[in-house]
Amino acid sequence: MKLAFIIDPLEKLDPGHDSTVAIMEAAQKLGHEVFVTSVGDLAVINGQAWAKLAAVRLQPVILVDGHWQVSQPWSELSKSQWMALTECQAVFMRKDPPVTVQYLYATFILELLAPTKTMVINSPQGLREANEKMYTLQFAAVMPPTVVSLDKGLIRQFLEEHGAAVLKPLGGKAGEGILFLDPGDRNFNSLVEISTQHGKEPVMVQRFLPEAKEGDKRIILLDGDPIGAVNRIPSGAEFRGNMAVGGQVAPTTITSREIEICALLKPKLQADGLYFVGIDVIGGYLTEVNVTSPTGIREIDRLEGVRLGEKVICWLEKQF
């Protein structure tokens, strides 16, 4: 198969951490042609989706003493050329957040592809509809108490009722901009003003879960089914477990409660064409559903001795 990956600049990716590189490596190993492009290199020509694609050859990472060893150079790009995306059997939309106007237009271009001929992972419409914070609200039964608002009074009332909380920007990623807020914090007004861009944007406010100190679990779902998990433990006084802010990873198991959460999400994820998803769970509560470019494959592979990228490609092969 020919597989196209819409990514951030290749030189900015960390092959020892990046899930996209892991999936591309797996595709290459299993005999498929791998191409890369960017959201800025998509076009519509005579009603068809096209992309400026460059074939890529990867030097796979190697696990040595529990760490990924990366060869240099780890990738080799051919000269890019315009190609109709209908020539590809699948397109992986793996551009990191934030979701910009350019990103949204890219999803409209990708929607011109017939899913039965060229599968887009994840679905363009699904990506537009599934804001990673707001989408979670459809599963309120398994979430901690949550409010979304830009109103200081409502947010203060929430804190008085539920105690300490975390404030999350609706368009954030990798723990960026998440703040811890105590009911009696003298900086309350300032923190809310910062989070809401001075009353211009609503934020998500969730009850703080003390279990966060034991870890924020990332569970990878493929077509709605859990295929692996990793625990991300905050470092020092930090309350966020995200790897991007220094969280340490540890092996973990998927509990019966978490299997129930996955089963609850599965029908909706499948209906929305969200095939490759990473959910975050703290203390048995769903906190986020990550659909744009979920990470965690490299860490799970390293800790569990598996190859989740190959699972993704083997699943894809069965779709045709």
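Cβ atoms here come from the backbone N, Cα and C positions, even for glycine.
Lifted from Swiss-Prot, the feature list:
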- 133-317: domain 'ATP-grasp' (DOMAIN)
- 159-215: ATP binding site (BINDING)
- Glu288, Asn290: Mg(2+) binding site (BINDING)
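Annotation for the binding-site residues Leu159, Leu167, Leu191: lowest Cβ count within 10 Å of the residue's own Cβ, Leu191. Ranked by Cβ neighbours within 10 A across all protein chains shown, the binding-site residues Gly199, Gly215 are led by Gly215. Over the domain 'ATP-grasp' (133-317) the predicted model carries a mean pLDDT of 92. Taking the Cα atom of each, Leu159 (ATP binding site) and Glu288 (Mg(2+) binding site) are about 20 angstrom apart. Here the Cα atom of Arg207 (ATP binding site) is found 13 Å from that of Glu288 (Mg(2+) binding site). Long-range Cβ neighbours of Pro183 (ATP binding site) (same chain, at least 6 residues apart, Cβ-Cβ under 8 Å): Arg156, Leu159, Glu160, Gly163, Ala164.
In the three-state DSSP scheme, Gly215 (ATP binding site) is classed as coil. In this structure, Pro183 (ATP binding site) belongs to neither helix nor strand by DSSP; it is coil.
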